[in-house]
Structures are given as C-alpha cells and as structure tokens.
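Here's what TrEMBL has on this protein:
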TRANSMEM  B:27-44  transmembrane segment
TRANSMEM  B:50-69  transmembrane segment
TRANSMEM  B:76-95  transmembrane segment
TRANSMEM  B:101-123  transmembrane segment
TRANSMEM  B:130-148  transmembrane segment
TRANSMEM  B:183-200  transmembrane segment
TRANSMEM  B:236-259  transmembrane segment
TRANSMEM  B:271-296  transmembrane segment
TRANSMEM  B:316-335  transmembrane segment
Amino acid sequence: MRKMFMTAALGAALAAGPALAELVVPDLSYRTGPYGANGIPFSDGYQDYFTLVNERDGGVGGEKIRIAECETGYNTEKGVECYEATKDEGSLVYQPLSTGITYQLIPKTAADGIPMHTMGYGRTSAKNGAVFRNVFNYPANYWDGASHAITHILNENDGDISGRKIALVYHNSAYGKEPIRTLEELAKKHGFELMLLPVDHPGQEQKSQWLQIRREKPDNVIMWGWGVMNQVAIQEAVNIRYPMDQFIGIWWSGSENDVKAAGDGADGYKALTFHNLGDDYPLYDDMRKYVVDAGKAAGAGDQVGSVLYNRGMYAAMLAVEAIKTAQELAGTSNITSEQMRDGMEALEITEAKMAALGLPAFGPEFKVTCENHGGDGYGAVSQWDAAAGEYKLITDYYQSDQEVIGKLVAEDSAAYAEENGITPGCD
Amino acid sequence: MFYREAGDFKTSYAEDNQTFPIKFDRYRYYAVLAVAFLVIPFIVNDYWLNAVLLPFLIYAIAAIGLNILTGYCGQVSLGTGGFMAVGAYACYKLMTAFPDISILIHVVLAGGITAAVGVLFGLPSLRIKGFYLAVATLAAQFFLVWLFNRVPWFYNYSASGQISAPERTVFGVPVTGAETSAWAVYLVCLVFLTASALIARNLTRGMAGRKWMAIRDMDIAAEIIGVDPLRAKLSAFAVSSFFIGVSGALFFAVYLGAVEVGEAFGINKSFLVLFMVIIGGLGSIFGSFAGAAFLVLLPVLLKNLLVGSLGWPTDVAAHLELIIVGALIVVFLVAEPHGLAQLWRVAKEKLRLWPFPH
C-alpha cells in the first residue's frame, strides 16, 4: 500500500517536465559529500558561462541554453540515475567530472549517441577517437599530466633523474590508478624509481602513507588526489616538513581549497594546469556585469576566478564553441546530440578565437580530429604563493612525451575495442 | 471484510500449509506477480528501470540474504558489501573466462562462490556472538575490498582497476553491456528475485529455518533439543551469502556494468542493506522487500519532489534528503521497532475485523 502511494507520487513528480525549445546541457555536479569542496567551484563556473552566453548573446546561434543540474555526490549509482533522468530531455553533452561515472557512461553514451567531454579526466585512451567515437578528452589527459610532472622534474634537475626516487600518492580508484602505467614506462625510460602509495576513499586517513614518505625520503612526490584527500595530504606533507617545491599535484589537486587549510606551510606547492589562472581577463568584466552583479550566478557566487571555477568555465567555453561549430556544420541552430558530436570532432581552438571571447592565451591551441580526441597534450606548472593567496604559472606550456603516451593510448584503446567488439574506424 | 477466513475451507494439509493460506492474500500475491511479469515489462523505460526498479530488485535479493543470516539466524553481519563484491568479481572472472556459457549460470555460480567465502568467514561465529561477530564480519568487509583492489588478477590486470561487464545475451537478447533493452534486464532481475524469495520463504518455513530460529532465540536451548549449531550457523552463512552473491553479481553485471570495488561495495553498502533489513523487519521475507523499496524509492522520490517539482537547488535537496531519510529511520525504529513488516501485520489484523472491530 505504502509502495503504491509512493509510486503514484513519484509518477506525478516525474510527469511535470518542462517544454523543450532550447539546447539542453546537463550538469552532473556534486555540491555535497567529501568531494563537494571541489565540485562546487567547477559547477559554478560551468553554469555561469552558459548564463553569460544566454544573458549577453541571447544564447548560441539564437538558441537559449538550459542547464539541467543533477546532484551525483561523486557516486556512480547516482551518476547513472542522473544520466537516465536527463538524457531524454535532449541533452547535448555530458561532463560528469568523475572518472568513475565516466567509466559507467562510456558504453551508455555510445549506445545513446550522446557525446561526453571528460576534460583532463576519465579514460585516457578515449583520445583515440577511432575507438571511442563519443568520448572527447581534449585538451589534456592524465597521461599527459604524468609526463608533464616528470618533464618538470627533469628540467629542474638538468635532464638527469636516474636513480631518483619518486613517490605517487594516489586516490585508490580508477582515477588515481590512471597514471601508473605511464609513470612505469617513464621510470624505465628515465631510470628513476617509482614508489606507489594508495590512499583509500575518501582520503581523510593518510598517516601511514606520509610516515612511509618520511622514512623512505623520496626525492619527489606526485599526487593524484581529489576532494578532502588533497587538503589532508598537503597538511600531512607540511607536518613532516616535506619540501613543498618537490611536491607536485595533478591539476585536480591544485585548487585554493586544497592548500589554504595548511596555511603558510603550503607555500611553494606545485600543481599542473592546462589553462590559465586568475581573473585578469576581459571576459570577467562581462561575467561580473551580466551574471554575478545581476544576481544570476550559480551557487553562492563567491567562486569567481578560483582555479576550479576557471576550469568549469573553460569546459563550458569549449562546449559553446563546439555547439557553434556543430550549428555551422548542421546548418541549423537547434542541433541534436549526434550533430553536437560532429561539432566536437571538428572543433578548432585558436588564439584568435580565444582572444575574441575575451580569454586571450587562456589555454593551448588545438584541433580535434577523429583520430585525436585529446588535443596535443600541452600543460604548465603553477606554484602556490601563500602570501599572495594565489597560484602563479612558473613555466610556459610544454608538450607531454607523445612518444610514450601515443604507444600506450594505442595499446589500451585496442584492448578496449577487442573486449567490446568495436571495429575502430572513422566512417 | 478483507482477510476473512470464513468460508475459506482447507481439505488437505498441503493447502493448510501454503505460504498464503488466506484466499484474499493469495489472489493479491498472484495479482502482484501478474503485474510484475506481464504489465511492467511492456511499460518500463530506461529511467524507471535504472533509477527505481533495478536497484529495488537487486537490493531486495541482498536484503533477503542478510535477513536470513541476521533476521532468522540472529548472526549480525556487517560484511554484506564485501560479499556482494565477491559475487561481482566471481561473476566478472567467470564471464571473461568462459564467454560462451550463459550469464544466468555465471550469476548462480557467482552466488555459489560467495556462499563458500561466506562459510569461511562464518566460522568465527561458532565461537563469538553479537557485537563481536559484527566486528569479525566488518573485518571481512575491509579484507575483501582490500583484496580486490590489491590483487590485479581479480580485475584482469586492467589499467584502471575497474571491472566492466562485456556484452552477454540470454536467448539472443543482450542483458549486460551497453545495448540492453529495459524489459530484458528487468525480467532477468525479476526472475532472480522471485526465485530467491520463493527459495528463502520455503527454507525459512522448513526444518532449516526452524533450526536457524532456534539458534537465534537461544543457542544453548537449541543445542539441547538437538540442533547442531555448527551446521545451522554455517548453513545460514552459506544460504545468506549465496543470495548476497547473486545480488552482487547482478548489481555489477546488469545494473552498473562497470564497478570500482571501494566505491560500489564499501562499508556504506553493508550499512545500507542492514538498514533495509532493520526497517523492513527482521525475520520477514516481506520485510526485505519493504525495506529495499523504502530505501531505494525514498531518496529518488524526495529528489524528484524537491528538485523536479519545487525547483530547489540540488545541494539543498541532497542535504535535506539525508536529513529526512535519517529522521525517518529514527522515527520508524522508535514507533515500530519490528519494522514495516510488523506494520503490515497489524494492518492485516485490523482489516480482518473491519468494519466491525466489535
């Protein structure tokens, strides 16, 4: 009886759907749970950019964009539920900001013909678009990140790191395990010793890992962390007085939330990035005028200009550019998810385009093709300045070791194609 | 008016001993089965399947399993998540090692493997009881999750440490992988749930179940009247783990398709299934269904109500959802410690007298 009532109420709640006359972009966000501190700024930036485009330009090609937000809590079951709940609304592109959910959605999106953009996360070998037709991970991926970190250490040590001991502190999940294979290859190539230190979800307990670091004194520590794990790791590193300038985090371990808790001790901590930092861009004037000051900002509106906000905004910017490309290709403004996929595959980001958008030199230039869904693997290193309270870029953008990564991508995507009976091809 | 035995004559012991001796109850049961098998497959869509029906069906199997162990045999277990992981990984290894054998057989075999593992971890129950056993099964939970994360053989040396289900078919219709259709997946899980419930119900009514309940109520007295605690406890662990293993295998292969052990089968899962059993009602098969339905449906319902209909921000809704579900659990435990099954029993008693409660 109770169940019947609930089912009836549920049906009623579901039936009330909005009318469809716009471009729908789902936002599988997480504003709660142990990863919420990182999920909030990304989602705010993502939504604010679309709001800006709606408010300032009246949408893309005359079509307004509607955000369908759904809370996943970084949980794969809820992620699947969110996907099913939003996909029939005409969703154009998914960006789940979770490697675990990405793995769930790769086969589902392929079956439903909806593209997915996993910017700097997800399954790295999705770079090979001949196998992963619907998945895009431009402009950079985890294996690029692993190579960026090693290259940076190489550059710091005059090109010789043989015999050095490098530790990887990683989230013990699909996300954290992604770089291991690349790092093992690079260890062979450059002759350093790799030490693996897994941290279990959610990462609040890392005493034993950092005790081991204190005992074995690795020359460098690389971190693949997310959410509360980042804060704890940086705090522990400060506690054991690990030299912060030898500690490099992936781009997901490089937001203000992660270092602020550790205070001045975190000064000098390094993190990778594939886009620029700060809010010194013409676009932010528009953002303040049309979105923040107009009271239309997502969330609390206090994240503008933070690292992850910029990244969410960058993801939205790339999505909007892909929509524009798709509209040109399809010759219609009201595009479908299949046309969106084609648009993403034909996307080209140039310096002129970014400057016109008010984001000069914000990220690398790249061109997506069917064979390469992952960009060219450019990234830079930023360093935390505790006194100024901001990250600063300390290197130029440089390319990852394409020789090593290209081989690994080909291997891994071929294995996936074989497992799942996919014939690689670009039509 | 309802549930009236008057005029409902039984002329054989078999009739008298059937699961639903009251005619009205029996017809209601047939009606539920008919709707589940003949109506829902034709109207189910992807959203209903993945958000509501699949989790309900699969958690109900797990809840039945745990209910046998905790509700009927009185052995508290916090290792459900770990045992579900055993089922999932066993199913994955079997699926990839023997691709030509039907997935249905693999799911059953995965249950069998989980039963063996369950018996192994059930051995301490012969010496320790109550909270101490709960701690021992908690150790099983952590050990199993650690094992599946640590040993690459279990996930076929994949780079990410994830296991993902390749496409497998039943009578030519895909039920795992990406190209599944909602009705086929639904029917597979429904068949497993129906079979599990039938087996569990009949086991608990028979000698095995009586032995379990004797052990639960007082193990020394049970031993004195001739119940062998070794066999009773270990059989409870085996049967319970079998169902939990089946649910774990379905959870991985049919529902999620790709699984990361720490996230999908962590300690939270153990607590979730335990809550289902407690809220539904310990020692009741119907309670397992009610508990699973309650904990699967309520969050989805609240989310749709708060975000979909009222348009609240998603984070406020997510926090409220936790508060409301938590408060409801407390309220339920205070108001009706024996769970939803007891509410249902009381309602039936009332209905029997209605409209003349003298």
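Using N, Cα and C of the backbone, Cβ positions are placed for all residues, glycine too.
All annotation found in TrEMBL is predicted automatically rather than curated by experts.
When each of B:27-44, B:183-200, B:271-296 is checked for Cβ pairs under 8 Å to the transmembrane segment (B:50-69), B:271-296 comes out on top. Tertiary proximity for the transmembrane segment (B:183-200) is limited to same-chain residues at least six positions away from its ends with a CB under 8 Å from its CB atoms, namely 33, 36-37, 40-42, 44, 49, 53-54, 57-58, 60-61, 64-65, 67-68, 104, 107, 170, 173-175, 239, 243, 246, 250, 254-255, 285, 288-289. Residues 19-20, 53, 182-183, 186-187, 190, 194 of the same chain lie 6+ residues outside the transmembrane segment (B:27-44) yet bring a C-beta within less than 8 angstroms of a C-beta in it.
Within the chain carrying the transmembrane segment (B:316-335), a Cβ under 8 angstroms from the stretch's Cβ atoms is held by residues 275, 278-279, 295, 298-299, 302-303, 306-307, all 6 or more beyond its ends.
In this chain, the transmembrane segment (B:76-95) lies in contact with the transmembrane segment (B:130-148); the count of Cβ pairs under 8 Å, excluding pairs fewer than 6 apart in sequence, is at least 3.
Beyond the transmembrane segment (B:101-123), the same-chain residues lying 6 or more positions past its ends with a Cβ under 8 Å from any Cβ of the stretch are 75, 79, 83, 86-88, 90-91, 94-95, 136-137, 140, 144, 168-170, 175-176, 188, 192, 233-234, 236-246, 248-250, 253.
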